[in-house]
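Trainee: Pasting the feature list from TrEMBL:
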DOMAIN    A:78-284  domain 'ABC transmembrane type-1'
TRANSMEM  A:21-43  transmembrane segment
TRANSMEM  A:82-105  transmembrane segment
TRANSMEM  A:112-136  transmembrane segment
TRANSMEM  A:164-184  transmembrane segment
TRANSMEM  A:265-285  transmembrane segment
Amino acid sequence: MAESRVAAPADSGRRRGLTAYVLMAPAVIVLGLFFVIPFYSLVAASLYDPGGSDKAGWDVTYHFANYWEAIKLYKGQLLRSLLYGGAATLICLVLGYVLAYAIAFKSGRWKSLLLVLVIVPFFTSFLVRTLSWQLILADDGWVVDALQFVHILGQDDKLLATDFAVIMGLAYNFLPFMVLPLFASIDKIDPRLIEASSDLYSNPITGFFKVTWPLSLPGVVSGTLLTFIPATGDYINAELLGNTETTVIGKVIQLQATNANHPHIAAALSMILMFLIVAMVLVYVRRVGTEELL
Amino acid sequence: MSSPAEAGSSYDGLRIRALNKSFASFHAVKELDLDVPRGSFFALLGPSGCGKTTTLRMVAGLEAPTSGTITLAGQDITDKKPYQRPVNTVFQNYALFPHLDIFENVAFGLRRRKVSGVEAKVKDMLELVELEAQARKKPAQLSGGQQQRVALARALINEPEVLLLDEPLGALDLKLRRAMQIEIKRIQTEVGLTFIHVTHDQEEAMTMADTVAVMNAGVIEQMGTPSELYENPASTFVANFLGQSNLIEGTVQSSGSDVVTVDMHGIGVTIPAHRAHTDGGKGWIGIRPEKVLIGAAGAELDAPGNTIPGGVVSDVSFFGVSTQYLVKMPWGQELMVFAQNTGRDPIFRTGESVELSWRPEYAFLLDHAQDVKAGAEEAS
C-alpha cells in the first residue's frame, strides 16, 4: 500500500505525458495529411516553369518570377479583396459589438434564444443565402423601390452589382463569426467592474472605453480575424452581388487554376494572399497586445 | 445653494430619511432613518437579506431608492449618479480592474477626475497600504489580502465624504480577517474619513465600529456603541444576534421609577428601569451567559442578586479559558453559563446540582411579543 502510494506521483506524471501525445495524435495526423502535404504542393506549384502544360507536365524550376507576374497582373484584385474584407469586418465589428453587448448584458432570460437566432442563418446554405440577397437588392425589388421613393436612391441608382452590395453581402454572411467570440468575451465581464468604474467617477462613456472595451479585446481580436480572413478570400459575394468591376482575388485564383490552366499563377496568388494576411494579423495582434490581457 | 426645505442642510454627515426600496415582491428597506456623523466608523450589521447591502448601494448610487432622501454634508444626493457622488465603495469581491496594474487601479478615480499630481498621490496611498513593491503587478498576481488592500486604496485615494465597505473581509480566512480588521481601523483613524461598514459578522462590527446599527428585515432594530448594544439589547433579535443570551419568561409585578420587579417562575427578580424594554404584563428576562454565576447547591454565591436554586448540569464544554455549562432549571428550560477558569471553583460535572445567580444590573427585560428565537439562527 505505502509503496504504491509513494510511487504514484512519478508514474502518473509519465502517464500524463503519454496521454497528451495520444490525445494530440489524431489532430497531428489529420493536419499532416490535409494541411502540410497540400501546402507543400501549393508552394511547389507556385514555382512551376510557366512554360508547362497539363499535357507536357509541370516542372518545379524555382521560377520566382511567377510571383512578380501574379502581382503585376492582379494587384488591383488583391487590393480590392483586402478593402472588401476590411470594410465588411469594420461593419461587422460595429453591428456585432452592439448586438453581442445587448445579448450579454441586456437580454435577461432571452439570452439563449438570441444566441440561437444569431446562428440560425447557418442552417441554410451560404450560396442560397447570398442568392436571396440578389432578390432583395434587385433593381425592381422593394428595397430599391422604397429607397428611390424616399429619394435616398436616384431613379437610375441601383444596389445590386455595386461595391456596396458586395460589402453588405460579406458583412451579412460573416456577422455570426464576429458576434460569437465578441459575446463570449463580453459575457465574461463582471458587471461589478462596470459598477466599480461608475463608483470611481466614470460616466457611462468613459466607463465603456476604460473598462468594457479593453476587457472585450480578446473577443474583438478573434472576431475580426475570423471575419477578415474568410471575407478577404471569399468570391461568392463578389460574384453574385457584384459586377465585372468587382472581381476579387479568390475568383482570379479559381479561374487561373481551372479555365485558364495557369496553376503556377493561381498558386503564387494564393501564397501572396496568405503572406499578406499573416503579416497583417501579426502587426494587428502585436498592436492590440492581446497577450497582455489576462 | 441648499433650499430651506432640505432636511439635512445643516447636518455635515450622512443623513437618510424615510428611505424605502422595494424589488418586485420584496420590501428590502423600510422607512429607514439614519444619521452617520462625519468622521465616524459606522457599522451596519445584520444577517443576509436584512437590507444592509441594499442601503449601502443606495448611498453609493448603484441602486435607486423607491422613496426617501439621502443627504450628504447638507447636499441632497438622492438622484445623483454614482459618478457624481463624493462617495466611494470597497466592493465585496474587490472588483479590481483585471486589465490594469495595481498603480493604475489605484489611480483610476484620480485620472477620471483629472486631478493633478497622480503619481505622488498613488505612491503615498500604496505606502499607506504597504503595497509599494506591487505597483506594477496585475491584480490576479496578488493574494486575497493584498487585493483587499488595493480595493481599499483605490477608494480611499479619492478622499470621499463617505467610504462604503461592503463585507470587505468576507472572502478572507479568519486569521487574515482579524489582521485586516485592525489594519482598516488604523487607516480610518489615520485618514479620519467617514466609514460605513456593512457586515454580517457581529464580532467584526463590534471590534471595528464606533457605532453599530443592527438591521433586520429592512429596519434598524437598535443603534448604539458596541458595548451599549451588547450590554443592554432592546429586542430579542439584538440579544440573540449579538452574542448569546438566556431569555427567560417572566411576569412584571411592579414598575417603579428605578427598578422593575418581575416574577420569574416563582422567583422575584429585579431589573433596572432603563434596561426594561417592555410595558406589558409579560416579558423576557435576559441575561448574558458570562454574567451568570454558578455554584454548588447550598453554597454562598458572591452576588447580591437573587439565587435561583434547583439547577442540574446537563452539559459541560471545556474551552480552556472558560467552561460552558448548560443547566436545566426546575421549569424545564436550559440556561447557558460561561464560567472563567480562575481555578477558584471546581468544574462541575453533568448531573450535579447547582445554583445560579446574577447581579440585577446585568439583566434586561424584553417585550414578550417578540420571538424568543429571533436572530439566534442568523448569528453563527
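Including glycine, each Cβ sits where the backbone N, Cα and C put it.
Curation plays no part in TrEMBL annotations; they are all automatic predictions.
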Trainee: Mark yes when the transmembrane segment (A:265-285) and the transmembrane segment (A:164-184) have three or more Cβ pairs under 8 Å (sequence separation 6 or more) and no when they do not.
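Mentor: Result for the transmembrane segment (A:164-184) with the transmembrane segment (A:265-285) is no.
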Trainee: How about long-range neighbours of the transmembrane segment (A:82-105): same chain, 6 or more residues beyond its ends, C-beta under 8 Å?
Mentor: 111, 114-115, 118, 163, 166-168, 170-171, 174-175, 177-179, 182-183, 186-187, 189, 191, 212, 216, 219-220, 223-224, 227-229, 231-234, 237-238, 248, 276
Trainee: Quick test of the contact rule: Cβ under 8 Å, at least six residues beyond the ends. What residues does that give for the transmembrane segment (A:112-136)?
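Mentor: Distant Cβ neighbours of the transmembrane segment (A:112-136) are 99, 103, 143, 160, 165, 168-169, 172-173, 175-176, 179-180, 183, 236-237, 240-241.
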